[in-house]
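Data first, discussion second: the structure below is written as C-alpha cells.
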C-alpha cells in the first residue's frame with residue numbers, strides 16, 4: 001500500500017507467522033505495554049491466534065474466525081478480514097473509518113477493530129466477533145419486527161450515522177446485512193454498524209463517480225442517475241428508510257429497478273400500502289417515506305431524522321440502556337461461539353459451514369502470489385426477472401470457451417455460472433463482473449446444491465466428485481461404470497444422483513456414504529441415449545426419463561414403480577425442477593414439442609414447429625419454458641420462450657449458432673446457453689432501456 005495516515009499506522013499490529021507441529025500456522029502479535037499493577041514501565045506480551053474456519057468470502061477477499069490459544073487478555077475469538085493488496089486496490093478509506101470509529105466513545109454504535117497487519121500480498125483487519133450475527137440473519141427465520149422494535153433499532157442506526165456524518169464520513173453500503181446484533185429480545189436491542197468497505201470521507205464522496213456502489217434494494221435513485229445527485233450524505237438516509245421498510249414487511253420497498261424508476265419519475269407513489277397492511281402508524285409511515293423522498297435535498301439529515309417525533313419516546317430509554325449495558329464477558333463459552341455460524345460480514349458472499357465435512361481450517365502463511373485484481377467493488381445494476389418483461393431477452397455477455405459437449409449451471413444464489421466441457425476445464429464465472437474463477441478439469445456435468453454448500457461434477461473419467469462451495473477442495477468421490485448423462489442434487493441438498501446408461505446412481509452427500517444403484521427398464525440397445533433426472537419437491541422420489549419411457553423411484557422403499565410410455569416415436573427432452581413437467585418431442589405431428597404434467601399424465605402445452613428442438617430448460621418456478629430450435633442451417637437457430645400457464649409464446653430470438661445446453665438462473669433473471677460454435681451466451685431481460 002502507499003503511505004497511510006499516522007492514525008491508521010498506530011493501529012498496526014506487530015505480527016509474525018509461526019509454524020506449528022500439526023502443520024498449521026499461528027499468528028502471533030507482540031505488544032509493548034506498561035503494567036500499572038506491577039509497576040513495570042515496559043512489559044512485552046504476545047498473543048497467539050489460530051484460524052478456525054472461513055465465515056465469509058467475496059470479490060475482495062475472505063473473513064476468518066480465529067481463536068486465541070495463548071496470551072489473550074480481553075477476547076477469545078475474533079473475525080479477521082483478509083484482503084488482497086495487489087493492483088489498484090486502496091484500503092485507506094476503510095482503515096481510516098475502522099480506526100476512527102473503534103475509539104471507545106463510538107463503541108456502542110460500531111463494531112470494534114483490534115488493529116490490522118499485512119504481508120506483501122494481503123491486508124488483515126482483526127475485528128470484534130458478534131455471535132448473534134447480522135440483522136438479516138435474525139430476520140430470516142422470524143416474522144417481521146414490531147413497530148416498537150423497529151423504532152429502537154432505527155434510533156441506534158441513526159445515532160451511528162450522526163457520528164459518521166459528523167466526522168465527514170459516509171457509510172455507502174448500509175443494509176440489514178451490515179447491521180450486527182449484539183443482543184436482542186428477550187434482552188434489550190443493541191445493534192452496531194459494520195463493514196466500512198465503501199465508506200469514504202466527504203471530500204471524496206462529493207465527486208461524481210461512474211461506478212455504482214452499494215447493494216441493490218438499498219441504493220438511492222440518484223446513484224442510478226434517476227434523479228439529480230444531492231448532498232453525499234443523502235444516499236445513507238435513503239438506505240436507512242429502505243432498511244426500516246424491510247424490517248417491518250420483510251421485503252424491499254422497491255423489488256425491482258423498474259419499480260424504483262417509476263417512483264423516481266413520479267409514475268408510481270411511495271408504497272405506503274405495504275406498511276399500512278402491517279398496521280404501521282401514520283407517523284411511522286410518514287417518517288420512513290421522508291427518508292426515501294426522491295429528491296436527495298428533501299430528505300432529512302441524520303441529525304434531523306433522529307429528532308423526529310416517531311423516535312422521541314425511545315431516546316431517553318435508549319441512552320440509558322446503552323449506558324448501563326453490561327460489557328462482553330471475556331469468560332463467555334468459546335465453544336458455543338465456534339459452533340454457531342453467522343453471516344455477520346453479509347455484504348460478502350458467505351460460504352456456510354457444512355457439518356458433514358467441517359474441520360479446523362489449516363492456516364497457511366498467506367501466499368506471495370497474486371490473483372486478478374479489481375479496481376473497486378463493482379455492484380451491477382439490478383437485473384430484472386425475465387418473466388416480468390414478457391420473456392423478451394437480450395445478450396448480456398458472450399463467453400469464449402471451446403466446449404462442444406458440456407452443459408451450463410448456476411449456483412444457488414445465481415452469482416456463479418459454470419460452463420462444462422469434455423476437454424477444457426469447467427469454467428466458473430461471476431455473473432456480476434464476469435470475473436473468471438478457478439475451474440475443474442475434464443468434466444461434462446456440473447450441479448450446485450440448493451443450500452449453496454456443495455458442487456458435484458462428473459464426466460469422462462467415470463466418477464462422481466463432490467466439492468466444497470468454492471470448487472477448490474474435493475470432499476469425496478464415487479466410481480461409476482461409465483460417464484453419466486446428468487447429475488442433480490435433491491431439493492433438501494442431502495442427496496446427489498446421476499444416471500449412467502440404464503441405471504441411476506444416488507448417495508447421501510455425507511463423506512463415505514455408499515453409492516446405491518437401480519436399473520431402469522430400458523432396451524439395452526438404447527442405453528447410450530440421453531437420460532434425464534429430477535427429484536420430487538420432498539426429495540423422496542427420483543423421476544427418470546429416457547427416449548419414450550419415464551419411471552419413478554421411491555427412495556425410502558428402494559422400489560421402482562411401473563414404467564410409463566410416451567406416444568410411439570416420442571423422445572424425452574428434459575424434466576423440470578421438482579419433476580412437475582416432462583418435455584418430449586412427439587414426431588408424429590410435425591415435430592411437436594409437448595409438456596406432460598407428471599402428476600396428471602396430461603399434456604398441458606403443445607408447440608408446433610417444423611424445426612427440431614436441440615435443447616430445453618425450465619425456470620426454477622416452472623413458469624417459463626425455453627426451447628432452442630434448429631433451422632436446418634448449421635449456423636442458425638431460434639430460441640423461444642413460453643409461458644407455461646398461459647400456454648403462449650412470449651418471444652422468439654434468432655441466433656447464429658445451434659444451442660446445445662441451457663439453464664435458467666435460480667432467481668429467474670438470467671438464461672445461459674452453450675453453443676455449437678464453442679461460445680456461451682448469457683441472456684437477460686430486455687427492459688427496453690438498453
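Glycine residues also receive a Cβ, built from the backbone N, Cα and C atoms like all the rest.
Database features (TrEMBL):
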COMPBIAS  313-334  compositional bias 'Polar residues'
DOMAIN    49-311  domain 'Protein kinase'
REGION    311-334  region 'Disordered'
REPEAT    652-690  repeat 'WD'
For this session: Please spell out the DSSP helix, strand and coil residue counts for the repeat 'WD' (652-690).
Result: 0 helix, 23 strand, 16 coil
Problem set entry | Rounded mean pLDDT for the residues that make up the domain 'Protein kinase' (49-311) | 85
Exercise. Where else in the chain does the repeat 'WD' (652-690) make close Cβ contacts, counting only residues six or more beyond its ends and a cut-off under 8 Å?
Worked result: 257-258, 383-389, 392-410, 412-414, 417, 419, 431, 614-621, 624, 626, 628, 630, 634-641
